[in-house]
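Q: Handing you a structure now.
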Amino acid sequence: MNKLYIGNLNESVTPADLEKVFAEHKISYSGQFLVKSGYAFVDCPDEHWAMKAIETFSGKVELQGKRLEIEHSVPKKQRSRKIQIRNIPPQLRWEVLDSLLAQYGTVENCEQVNTESETAVVNVTYSNREQTRQAIMKLNGHQLENHALKVSYIPDEQIAQGPENGRRGGFGSRGQPRQGSPVAAGAPAKQQQVDIPLRLLVPTQYVGAIIGKEGATIRNITKQTQSKIDVHRKENAGAAEKAISVHSTPEGCSSACKMILEIMHKEAKDTKTADEVPLKILAHNNFVGRLIGKEGRNLKKVEQDTETKITISSLQDLTLYNPERTITVKGAIENCCRAEQEIMKKVREAYENDVAAMSLQSHLIPGLNLAAVGLFPASSSAVPPPPSSVTGAAPYGSFMQAPEQEMVQVFIPAQAVGAIIGKKGQHIKQLSRFASASIKIAPPETPDSKVRMVVITGPPEAQFKAQGRIYGKLKEENFFGPKEEVKLETHIRVPASAAGRVIGKGGKTVNELQNLTAAEVVVPRDQTPDENDQVIVKIIGHFYASQMAQRKIRDILAQVKQQHQKGQSNQAQARRK
């Protein structure tokens, strides 16, 4: 996606004219400008420069009296299902964007692109060409909160590599697995290790002191702490605070944090600009609930142990472009640094648990993008990459069959039903389309029921998307407190004959399941099987814990089914002999 199309050019424009205008705006390019009649092409060194050129020039810069129009150059054969939407209002909520995109078809993927502009950019994949064509026609120029959206095709790599016999993900032309695709059983797994950075928010007036003359101070911090430090000076121009990302070991991050905090305190004292400079840590919203703990216990313990005062920014401050919460720590420098260590320890634990849950999902849900689910906006540095392979994943041929339909019952607060349904049923319809699942809300069991049952029917990917959105909606609409994690009760039905396998000898399997997933798993005793000879398994926990437990139980059921089929096959062979 580094090749650019430059349109709306005068016939007299030459390569030298374009070279000059690119140089004036300090936009890097590679190779020569290929100028045609009224348009031109050029390559950029990487995707970052391509996006910067689009943001800098398109519709903003004139050349010989005509405004340049720049977008990604996409060959016709690659104009399929992928588009890029630019100039999205930064304060827009994911739900509003999803609602808009869903009007034109089924969104398979929605990833946010990192840019230096104040507005947001997303790459969207629809399920077919016609939906994509409609989205471009309707959305290009569409006014959204006083911002005119700009939409263009981007290359569809799957089309470029050929249809692959209708396979999804799959193998390249030389038979090698592409990234994110399932691999043959027994193939060595290479899990890319990604460390979560420490993200600090510092007052803009202290950024210069942190960097130092000609970068000397920040180089010294980097050298002493063996870390990589990014100061995001260009983002949010004019903002009172700037973000700093520290990439290192936990110890290196903490050492860098202490040095930065000491510099800010000294600068505040020397300039007499502030009596107190609190430590501000940025953490992705998905980790904050576990940092706070049940009834705020985890956070209170950190405060008591470190003798600090800790506050967390409101959920209302979250936007499409800002999925992070601000954790403000007040106290002595040493105490603030101790608090940072405890806070980041909790955040890293939550991150590692989520990575484990996603790795478990990956062979069942190939290619699933969490930004599309609305759980991890893709711009977040906390988002782990999709694993390139999973140990013990089934051979690719097993995915040629249609995924098995699953039925799950999720219990939500009764007062939340209206929020899930939406005005005139719009939200539940959009959710159903988005997840490609059947979603129905059962009538209350009694007039004063405090919970309602949501019945979701669909394959594993649909379950993941639909349940994820329901958890997110309940938190977003404040049905759970700001210091409370969303934990729901979920029921799945299993054959009565397989219930013993879920429990295990002396409860061993169910205990292991609870330890592994952090969910509460209960198989009620003395159940009467229903008309399909099935019994209920109850799962209680936060989203990832619940998902992990569901998948592990489905794995157990699949093994039972496989053994049963194998036994029947052996009996049939014995009879034939």
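Cβ atoms are placed via backbone N, Cα and C, with glycine included.
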Q: In Swiss-Prot, which of 24-35, 204-215, 312-323 is labelled region 'Sufficient for nuclear export'?
A: 312-323
Q: Of the ranges 386-396, 397-407, 485-495, which one does Swiss-Prot flag as region 'Sufficient for nuclear export'?
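A: Checking Swiss-Prot against the ranges 386-396, 397-407, 485-495, the region 'Sufficient for nuclear export' one is 485-495.
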Q: If you draw a 10 Å sphere around the Cβ of Thr528 (phosphothreonine), how many other Cβ atoms fall inside it, taking every protein chain shown into account?
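A: Total other Cβ atoms inside 10 Å, all chains included: 6.
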Q: Distance between Ser12 (phosphoserine) and Ser73 (phosphoserine) at the Cα atoms, whole Å?
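A: On Cα coordinates alone, these residues lie 22 Å apart.
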Q: Is it true that the domain 'KH 2' (276-343) and the domain 'RRM 2' (81-156) have 3 or more Cβ pairs under 8 Å, skipping pairs fewer than 6 apart in sequence?
A: yes
Q: Take the region 'Sufficient for nuclear export' (485-495) and find every residue of the same chain, 6 or more past its ends, with a Cβ under 8 Å from one of its Cβ atoms.
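A: Residues 289-290, 292-294, 406-412, 451, 467, 470-471, 474-475, 502, 530, 532-543, 546, 550, 553-554, 557, 560 contact the region 'Sufficient for nuclear export' (485-495) from elsewhere in the chain.
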Q: How does the region 'Sufficient for nuclear export' (485-495) divide up by DSSP, counting helix, then strand, then coil residues?
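A: Its residues divide into 0 helix, 8 strand, 3 coil.
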